[in-house]
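Asks: Input: one structure, supplied below.
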Amino acid sequence: MTYQNRPPEQAPLEFPYIGDVSQYERIDKIGQGTFGEVFKARCKKTNDFVAMKLILMDQEKEGFPITALREIKILQELRHDNIVRLIEVCRSASERDYGPAIDMWGVGCIFAEMWIRSPIMQGTSEQHQLELISHLCGSIEPGVWPGVNKLPLYTKLKLPQSERRKVHDRMKPYIQEPLALDLIDKLLTLDPKQRIDADNAVSSDFFYSEPPLADLKPLLSKYPSMFELKEVSRNAYNPQMQQQQQQQQRMKQARPNVPNLPSEPIY
């Protein structure tokens with residue numbers, strides 16, 4: 001199954017209501033709390049001095065913190081001379097790179113978990129997460145992901161080197177369907193520009209091919225005849241049948257012990 005990559009000239013995603021943090025110049029750190037750090041900054045366009053709060057996301061596991069959302073909502077509604085006015089909400093460079101390709105990576109992880117029946121690449125920290133990704137999908141380097149070395153934190157993290165891609169090898173014992181394994185491999189491509197998109201994913205041959213025939217001998221050998229299973233299932237959900245069987249059992253127990261009689265009359 002062949003697919004076309006998204007054209008490189010595709011316009012990036014736009015967020016008209018969120019500013020770019022690069023338009024502000026940090027001057028000095030003036031405070032820090034449990035949920036963020038506050039900096040004195042200068043707007044490059046207006047030369048106005050502002051207080052810029054950086055939301056700390058290190059300990060967040062469920063996305064953007066609800067406490068920060070609540071604070072933003074309150075500051076948007078408040079207007080008072082003694083309360084700082086919220087000018088805008090900004091995002092960093094790495095957040096601007098978020099797009100549909102990241103969602104497709106998540107689809108690949110979930111798709112693989114449906115077959116393996118357990119989470120894959122479940123890291124305990126960002127460093128550990130990147131190590132697990134490298135062990136499965138290969139080393140994260142410009143040779144397989146052009147431009148990755150230009151990301152802000154690339155040089156600050158210790159990434160595994162000389163790791164080869166093992167998606168097929170590691171998952172083949174759990175995923176016997178070649179078309180499913182091929183789709184997962186394309187969804188877990190390191191380079192977002194080379195990763196399969198949603199349109200091509202739903203057009204995969206996996207969704208339009210009959211599933212392979214499975215050997216039922218090991219399964220059938222564990223159970224009695226299908227007719228016995230049907231009889232047991234029918235009696236289990238029929239209270240009247242259960243009462244009749246219980247009554248017949250009681251009659252057998254109360255019947256006197258008599259010798260077997262011939263089935264035909266004696267003349």
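Using the three backbone atoms N, Cα and C, a Cβ is placed for every residue, glycine included.
Copied straight from TrEMBL:
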type     : residues : note
BINDING  : K53      : ATP binding site
COMPBIAS : 240-249  : compositional bias 'Low complexity'
DOMAIN   : 24-267   : domain 'Protein kinase'
REGION   : 235-267  : region 'Disordered'
Asks: So if I measure Cβ to Cβ from K53 (ATP binding site) and keep only same-chain residues at least 6 apart in sequence, which ones fall under 8 Å?
Replies: G36, E37, V38, F39
Asks: Which whole-number mean pLDDT does the model give the domain 'Protein kinase' (24-267)?
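Replies: It averages 82.
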